[in-house]
Amino acid sequence: MGALRPWARYGLLVVAHLLALGLGAAVLQALEGPPALHLQANLRAELATFQAEYRACLPPRALEELLGTALAAQAHGVSSLGNGSQARNWDLPSALLFTASLLTTTGYGHMAPLSAGGKAFCVVYTALGLPASLALVAALCHCLLPVLSHPGAWVATHWQLTPATAALLQASGSGLLVAGIFVLLPALVLWGLRGDCSLLEAIYFCFSSLSTIGLGDLLPGHDHGLHPVLYYLGQFALLGYLLLGLLAMLLTVETFLELPQVRAMVKFFRSGGPLNAEDEGGILGQDELALSTLPPSAAAPERAPAC
(Lines of atoms letter the chains of each structure in order from A; the text may use other names.)
(Lines give C-alpha, C1' and ligand atoms only; values in the text may rest on other atoms or scores of the structure.)
Protein backbone atom coordinates (compact mmCIF):
# COMPACT_ATOMS: atom_id res chain seq x y z
CA MET A 1 0.00 0.00 0.00
CA GLY A 2 2.85 2.40 0.71
CA ALA A 3 4.14 2.11 -2.88
CA LEU A 4 0.83 3.22 -4.42
CA ARG A 5 0.76 6.52 -6.23
CA PRO A 6 -1.53 9.29 -4.92
CA TRP A 7 -4.00 8.92 -7.84
CA ALA A 8 -4.29 5.18 -7.08
CA ARG A 9 -5.04 5.92 -3.43
CA TYR A 10 -7.77 8.39 -4.41
CA GLY A 11 -9.14 5.73 -6.74
CA LEU A 12 -9.32 3.30 -3.83
CA LEU A 13 -11.24 5.89 -1.82
CA VAL A 14 -13.73 6.42 -4.65
CA VAL A 15 -14.23 2.68 -5.12
CA ALA A 16 -14.70 2.15 -1.39
CA HIS A 17 -17.24 4.98 -1.27
CA LEU A 18 -19.18 3.53 -4.20
CA LEU A 19 -19.17 0.10 -2.57
CA ALA A 20 -20.47 1.63 0.66
CA LEU A 21 -23.25 3.39 -1.27
CA GLY A 22 -24.20 0.16 -3.02
CA LEU A 23 -24.18 -1.80 0.23
CA GLY A 24 -26.37 0.77 1.97
CA ALA A 25 -28.82 0.83 -0.92
CA ALA A 26 -29.04 -2.97 -1.01
CA VAL A 27 -29.65 -3.23 2.73
CA LEU A 28 -32.31 -0.49 2.70
CA GLN A 29 -33.99 -2.03 -0.31
CA ALA A 30 -34.20 -5.39 1.45
CA LEU A 31 -35.45 -3.86 4.71
CA GLU A 32 -37.84 -1.18 3.43
CA GLY A 33 -39.15 -2.75 0.22
CA PRO A 34 -41.62 -5.25 1.76
CA PRO A 35 -43.10 -2.77 4.32
CA ALA A 36 -43.57 -0.19 1.56
CA LEU A 37 -45.38 -2.68 -0.65
CA HIS A 38 -47.54 -3.77 2.29
CA LEU A 39 -48.45 -0.17 3.09
CA GLN A 40 -49.25 0.53 -0.55
CA ALA A 41 -51.53 -2.53 -0.70
CA ASN A 42 -53.35 -1.42 2.47
CA LEU A 43 -53.81 2.08 1.08
CA ARG A 44 -55.25 0.76 -2.16
CA ALA A 45 -57.60 -1.51 -0.23
CA GLU A 46 -58.80 1.39 1.93
CA LEU A 47 -59.29 3.54 -1.14
CA ALA A 48 -61.26 0.82 -2.92
CA THR A 49 -63.47 0.32 0.15
CA PHE A 50 -64.12 4.06 0.42
CA GLN A 51 -64.98 4.39 -3.26
CA ALA A 52 -67.28 1.38 -3.15
CA GLU A 53 -69.18 2.86 -0.21
CA TYR A 54 -69.42 6.47 -1.38
CA ARG A 55 -69.17 6.11 -5.16
CA ALA A 56 -72.66 7.53 -5.67
CA CYS A 57 -71.73 10.71 -3.78
CA LEU A 58 -68.38 11.35 -5.46
CA PRO A 59 -67.70 12.23 -9.09
CA PRO A 60 -64.98 10.16 -10.83
CA ARG A 61 -61.43 11.02 -9.71
CA ALA A 62 -62.74 13.62 -7.24
CA LEU A 63 -61.13 11.87 -4.29
CA GLU A 64 -57.75 11.62 -6.06
CA GLU A 65 -57.81 15.32 -6.84
CA LEU A 66 -58.70 16.22 -3.27
CA LEU A 67 -55.96 14.01 -1.85
CA GLY A 68 -53.43 15.46 -4.32
CA THR A 69 -54.30 19.01 -3.26
CA ALA A 70 -54.09 18.11 0.44
CA LEU A 71 -50.72 16.36 0.03
CA ALA A 72 -49.29 19.28 -1.98
CA ALA A 73 -50.35 21.68 0.78
CA GLN A 74 -48.95 19.36 3.46
CA ALA A 75 -45.57 19.40 1.71
CA HIS A 76 -45.43 23.17 2.35
CA GLY A 77 -46.38 22.87 6.01
CA VAL A 78 -50.04 23.75 5.52
CA SER A 79 -52.65 21.36 6.89
CA SER A 80 -56.42 21.53 7.12
CA LEU A 81 -56.62 18.93 9.89
CA GLY A 82 -58.13 20.04 13.19
CA ASN A 83 -60.19 23.13 13.84
CA GLY A 84 -59.15 26.62 12.85
CA SER A 85 -57.94 27.68 16.30
CA GLN A 86 -55.33 24.91 16.32
CA ALA A 87 -53.94 25.53 12.83
CA ARG A 88 -50.36 26.74 13.28
CA ASN A 89 -48.70 27.53 9.97
CA TRP A 90 -45.70 29.88 9.90
CA ASP A 91 -46.15 31.22 13.39
CA LEU A 92 -43.08 32.56 15.22
CA PRO A 93 -41.86 29.24 16.73
CA SER A 94 -42.34 27.43 13.42
CA ALA A 95 -40.53 30.18 11.51
CA LEU A 96 -37.64 30.12 14.01
CA LEU A 97 -37.37 26.36 13.70
CA PHE A 98 -37.41 26.63 9.91
CA THR A 99 -34.60 29.22 9.87
CA ALA A 100 -32.60 27.10 12.32
CA SER A 101 -33.02 24.10 10.04
CA LEU A 102 -31.68 26.23 7.17
CA LEU A 103 -28.62 27.50 9.02
CA THR A 104 -27.81 24.10 10.51
CA THR A 105 -28.49 22.33 7.17
CA THR A 106 -30.88 20.00 8.99
CA GLY A 107 -33.75 20.61 6.58
CA TYR A 108 -36.58 18.57 8.10
CA GLY A 109 -38.73 19.16 5.00
CA HIS A 110 -41.93 19.64 7.02
CA MET A 111 -42.22 23.25 5.82
CA ALA A 112 -41.35 25.03 2.60
CA PRO A 113 -41.89 28.60 1.36
CA LEU A 114 -44.95 29.13 -0.83
CA SER A 115 -44.34 32.55 -2.34
CA ALA A 116 -41.68 33.53 -4.85
CA GLY A 117 -40.45 36.16 -2.40
CA GLY A 118 -40.08 33.56 0.33
CA LYS A 119 -38.06 31.27 -1.92
CA ALA A 120 -35.79 34.12 -3.02
CA PHE A 121 -35.31 35.20 0.59
CA CYS A 122 -34.37 31.63 1.58
CA VAL A 123 -31.67 31.59 -1.10
CA VAL A 124 -30.15 34.92 -0.01
CA TYR A 125 -30.62 34.22 3.70
CA THR A 126 -28.94 30.82 3.49
CA ALA A 127 -26.12 32.08 1.25
CA LEU A 128 -25.26 34.77 3.79
CA GLY A 129 -26.23 33.03 7.02
CA LEU A 130 -24.67 29.62 6.45
CA PRO A 131 -21.05 30.89 6.18
CA ALA A 132 -21.63 33.09 9.22
CA SER A 133 -22.98 30.10 11.16
CA LEU A 134 -20.01 27.96 10.14
CA ALA A 135 -17.61 30.72 11.20
CA LEU A 136 -19.37 31.00 14.57
CA VAL A 137 -19.26 27.26 15.14
CA ALA A 138 -15.58 27.13 14.15
CA ALA A 139 -14.76 29.95 16.59
CA LEU A 140 -16.68 28.24 19.40
CA CYS A 141 -14.95 24.93 18.71
CA HIS A 142 -11.56 26.68 18.76
CA CYS A 143 -12.38 28.22 22.15
CA LEU A 144 -13.98 25.15 23.73
CA LEU A 145 -11.54 22.44 22.61
CA PRO A 146 -8.72 23.56 24.96
CA VAL A 147 -11.19 23.76 27.84
CA LEU A 148 -12.56 20.30 27.15
CA SER A 149 -9.04 18.86 26.99
CA HIS A 150 -8.34 19.68 30.65
CA PRO A 151 -10.16 16.63 32.11
CA GLY A 152 -8.34 14.36 29.68
CA ALA A 153 -5.02 15.96 30.55
CA TRP A 154 -5.66 15.47 34.26
CA VAL A 155 -6.59 11.80 33.77
CA ALA A 156 -3.53 11.22 31.58
CA THR A 157 -1.24 12.84 34.13
CA HIS A 158 -2.80 10.97 37.03
CA TRP A 159 -2.62 7.59 35.27
CA GLN A 160 0.70 8.24 33.49
CA LEU A 161 -0.79 7.60 30.03
CA THR A 162 0.93 8.24 26.74
CA PRO A 163 -0.41 11.13 24.60
CA ALA A 164 -1.91 8.77 22.02
CA THR A 165 -3.71 6.72 24.67
CA ALA A 166 -4.91 9.87 26.41
CA ALA A 167 -6.26 11.25 23.12
CA LEU A 168 -8.12 8.02 22.42
CA LEU A 169 -9.56 7.99 25.93
CA GLN A 170 -10.65 11.61 25.64
CA ALA A 171 -12.30 11.05 22.24
CA SER A 172 -14.14 7.97 23.50
CA GLY A 173 -15.31 9.79 26.61
CA SER A 174 -16.53 12.76 24.56
CA GLY A 175 -18.43 10.48 22.21
CA LEU A 176 -20.13 8.61 25.04
CA LEU A 177 -20.96 11.86 26.83
CA VAL A 178 -22.53 13.45 23.75
CA ALA A 179 -24.41 10.24 22.94
CA GLY A 180 -25.84 10.13 26.45
CA ILE A 181 -26.72 13.81 26.88
CA PHE A 182 -27.79 14.75 23.36
CA VAL A 183 -29.14 11.45 21.99
CA LEU A 184 -30.26 9.02 24.69
CA LEU A 185 -31.58 11.53 27.25
CA PRO A 186 -33.63 13.60 24.75
CA ALA A 187 -34.88 10.36 23.19
CA LEU A 188 -36.16 9.20 26.58
CA VAL A 189 -37.90 12.55 27.11
CA LEU A 190 -39.44 12.44 23.64
CA TRP A 191 -40.51 8.85 24.14
CA GLY A 192 -42.19 9.75 27.41
CA LEU A 193 -43.99 12.81 26.05
CA ARG A 194 -45.22 11.28 22.82
CA GLY A 195 -47.26 8.12 22.89
CA ASP A 196 -47.13 7.51 19.15
CA CYS A 197 -43.41 6.75 18.80
CA SER A 198 -41.15 4.04 20.15
CA LEU A 199 -37.82 4.53 21.88
CA LEU A 200 -36.01 3.45 18.73
CA GLU A 201 -37.89 6.06 16.70
CA ALA A 202 -37.00 8.74 19.26
CA ILE A 203 -33.30 7.80 19.12
CA TYR A 204 -33.53 7.77 15.33
CA PHE A 205 -34.97 11.31 15.36
CA CYS A 206 -32.29 12.66 17.71
CA PHE A 207 -29.44 11.16 15.73
CA SER A 208 -30.85 12.29 12.37
CA SER A 209 -31.21 15.82 13.76
CA LEU A 210 -27.68 16.07 15.16
CA SER A 211 -26.17 14.53 12.03
CA THR A 212 -28.10 17.17 9.98
CA ILE A 213 -29.89 14.45 8.00
CA GLY A 214 -33.30 15.69 9.14
CA LEU A 215 -35.59 13.31 7.30
CA GLY A 216 -38.62 15.05 8.82
CA ASP A 217 -40.73 11.95 9.41
CA LEU A 218 -40.88 12.62 13.16
CA LEU A 219 -41.24 16.08 14.69
CA PRO A 220 -41.91 16.80 18.38
CA GLY A 221 -44.67 19.32 18.95
CA HIS A 222 -45.92 19.01 15.35
CA ASP A 223 -49.31 17.85 16.54
CA HIS A 224 -52.56 19.77 16.28
CA GLY A 225 -53.90 18.16 19.45
CA LEU A 226 -51.24 19.69 21.72
CA HIS A 227 -51.98 22.52 24.11
CA PRO A 228 -50.62 25.82 22.73
CA VAL A 229 -48.22 26.23 25.66
CA LEU A 230 -46.77 22.75 25.15
CA TYR A 231 -46.55 23.40 21.43
CA TYR A 232 -44.55 26.61 21.86
CA LEU A 233 -42.30 25.04 24.51
CA GLY A 234 -41.67 22.07 22.23
CA GLN A 235 -40.71 24.27 19.29
CA PHE A 236 -38.33 26.45 21.34
CA ALA A 237 -36.85 23.36 23.03
CA LEU A 238 -36.19 21.81 19.63
CA LEU A 239 -34.56 25.05 18.48
CA GLY A 240 -32.17 25.09 21.43
CA TYR A 241 -31.53 21.37 21.07
CA LEU A 242 -30.49 21.79 17.44
CA LEU A 243 -28.06 24.62 18.17
CA LEU A 244 -26.43 23.10 21.26
CA GLY A 245 -26.49 19.53 20.00
CA LEU A 246 -24.89 20.42 16.69
CA LEU A 247 -22.09 22.26 18.50
CA ALA A 248 -21.50 19.26 20.77
CA MET A 249 -21.52 16.93 17.79
CA LEU A 250 -18.93 19.02 15.94
CA LEU A 251 -16.73 19.20 19.03
CA THR A 252 -16.80 15.41 19.27
CA VAL A 253 -15.99 14.99 15.58
CA GLU A 254 -13.10 17.45 15.93
CA THR A 255 -11.80 15.47 18.90
CA PHE A 256 -11.81 12.25 16.86
CA LEU A 257 -10.13 14.00 13.92
CA GLU A 258 -7.22 14.90 16.18
CA LEU A 259 -6.44 11.27 16.96
CA PRO A 260 -2.98 10.25 15.71
CA GLN A 261 -4.43 7.23 13.92
CA VAL A 262 -6.91 9.38 11.99
CA ARG A 263 -4.29 11.95 11.08
CA ALA A 264 -1.94 9.21 9.90
CA MET A 265 -4.68 7.77 7.68
CA VAL A 266 -5.43 11.19 6.20
CA LYS A 267 -1.72 11.70 5.59
CA PHE A 268 -1.53 8.33 3.83
CA PHE A 269 -4.20 9.27 1.29
CA ARG A 270 -3.07 12.89 0.97
CA SER A 271 0.46 12.36 -0.24
CA GLY A 272 2.84 9.61 -1.15
CA GLY A 273 5.62 10.67 1.21
CA PRO A 274 6.51 8.74 4.34
CA LEU A 275 4.95 9.70 7.63
CA ASN A 276 7.03 11.92 9.84
CA ALA A 277 6.99 12.13 13.59
CA GLU A 278 4.52 14.99 13.62
CA ASP A 279 2.01 13.07 11.48
CA GLU A 280 2.33 9.94 13.58
CA GLY A 281 1.84 11.83 16.80
CA GLY A 282 -0.78 14.25 15.50
CA ILE A 283 -1.24 17.64 17.04
CA LEU A 284 -1.05 16.06 20.48
CA GLY A 285 2.64 16.64 20.37
CA GLN A 286 1.99 20.37 20.09
CA ASP A 287 -0.87 21.11 22.45
CA GLU A 288 -1.01 21.20 26.19
CA LEU A 289 -2.47 17.71 26.44
CA ALA A 290 0.76 16.17 25.22
CA LEU A 291 2.90 18.43 27.37
CA SER A 292 0.86 17.76 30.48
CA THR A 293 0.86 14.00 30.04
CA LEU A 294 4.62 13.56 29.83
CA PRO A 295 5.97 11.92 32.99
CA PRO A 296 8.69 13.82 34.81
CA SER A 297 11.29 11.24 33.78
CA ALA A 298 10.50 11.85 30.11
CA ALA A 299 11.27 15.54 30.25
CA ALA A 300 14.33 16.63 28.32
CA PRO A 301 17.39 16.76 30.56
CA GLU A 302 18.97 20.15 31.09
CA ARG A 303 22.07 20.83 29.06
CA ALA A 304 25.20 20.63 31.17
CA PRO A 305 27.11 23.93 31.33
CA ALA A 306 30.12 24.08 29.09
CA CYS A 307 33.48 23.86 30.77
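Placed from the backbone N, Cα and C atoms, the Cβ positions cover glycine too.
TrEMBL lists 1-24 with the feature signal peptide.
For the domain 'Potassium channel' (81-140), the model gives a mean pLDDT of 79. Per TrEMBL, domain 'Potassium channel' is recorded for 81-140 (among others).
Summarising the annotation, TrEMBL assigns N-linked glycosylation site to ASN83.
Among the features that TrEMBL reports, transmembrane segment is placed at 92-111 (among others).
Summarising the annotation, TrEMBL assigns transmembrane segment to 123-148 (among others).
Residues 148-149, 151-152, 155-156, 161, 197-199, 202-203, 205-207, 210, 220, 241, 244-245, 248-249, 251-252, 255-256, 258-259, 261, 289 of the same chain lie 6 or more positions beyond the ends of the transmembrane segment (168-191) yet place their CB under 8 Å from a CB of it. Annotation comment: TrEMBL describes 168-191 (among others) as transmembrane segment.
Per DSSP, the secondary structure of the domain 'Potassium channel' (182-258) breaks down as 54 helix, 0 strand, 23 coil. The domain 'Potassium channel' annotation in TrEMBL covers 182-258 (among others).
The transmembrane segment annotation in TrEMBL covers 198-216 (among others).
The transmembrane segment annotation in TrEMBL covers 236-257 (among others).
Secondary structure of the domain 'Potassium channel' (81-140), assigned with DSSP and counted as helix (H, G, I), strand (E, B) and coil, comes to 40 helix, 0 strand, 20 coil.
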